[in-house]
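Working notes, beginning with the structure itself.
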Amino acid sequence: MGWFNVTHPASFLLTGIPGLESSHPWLAGPLCVMYAAALVGNTVVLQAVRTEPSLHAPMYYFLSMLSFSDMAMSMATLPTVLRTFCLDARNIAFDACLIQMFLIHSFSMMESGILLAMSFDRYVAICDPLHYATVLTNKVISEVGLAVTARSIITLFPLPFLIKRLPICRSNVLSHSYCLHPDMMKLACADITINSIYGLFVLVSTFGMDLFFIFLSYVLILQSVLAIASREERFKALNTCVSHILAVLAFYVPMIGVSTVHRFGKHIPHYIHVLMSNIYLFVPPVLNPLIYSAKTKEIRRAMVRMFHRLKV
């Protein structure tokens, strides 16, 4: 089938939460609060790392990358979600939907890669502390950031073209208030095998491998910590990992939950699918700044000093 000789709708119709359409105006308030919390919280973290010399260290550089990806994810979904829930404006142009799809999947993959880099940071800090400064130099950190970004762009670059090659003629109604590749390809009235295989390949080769190596890094960390004689030192070493572990759980648990519900929950009400997908996209950007500000005293101190300077 020719790439340019296929039928596409001029626009898609986005969906809020099926069955709760009358409650959309009430849901708009909490959504606005979540977006505001995500944007403000991650902006504060970025500003704290930028302005505080004590935070100019590998761990906090990776944290600032995580905050940037969370902010970008929120900004990618914010326009359509708020239009759908606040204004009941459900239309989105076909090309705009492709762009949003690419951005959402890209920033999600970036976050996974950054969480993997942060686990490597914790591994070096605990298992090889004498070489920490020489292994994680500013150059290495910059290269890791570029590699994570390049991987996301290169891996997901084919997705919009894989959708464009499909004739969309079954319907133009999407299941969410934003655009996702699995949701769009299901509307095609043609063979979607290539899309499905490529989507599975991306999921396993990036998110799956990232999660495997994060798990492996913590197995090695745990082995190293258990070899420490002092109980107090063991607790201190593990305590430096708590924030990262919570961030990993906040990201991967909803993702695994969404995948499980979509694959095995065919008889579950559709609004459960939608709620799970929304949790996966909206909760990590809100929780991550709270996790790191609550569990990392250096971040708390930097925030206090920053707000004190603003008052003065």
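If you go along the chain as it appears here, the first residue is 1 and each next one adds 1.
Each residue, glycine too, has its Cβ placed from N, Cα and C.
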Key: Feature transmembrane segment in TrEMBL, mapped to one of the ranges 166-186, 271-291   = 271-291
Task = State the non-local partners of the transmembrane segment (60-82) in its own chain: residues 6+ outside its ends, Cβ under 8 Å from one of its Cβ atoms.
result = 14, 28, 31-32, 35, 38-39, 42-43, 45-46, 49-50, 92, 100, 103-104, 107-108, 110-111, 114-115, 117-118, 121, 138, 141, 144-145, 148, 177-179, 247, 281-282, 284-285, 288-289, 292, 298-299
Note = Between the transmembrane segment (211-229) and the stretches 26-48, 94-120, 140-163, 241-259, 271-291, the largest tally of CB pairs under 8 Å belongs to 94-120
Model confidence over the domain 'G-protein coupled receptors family 1 profile' (41-292), averaged pLDDT = 90
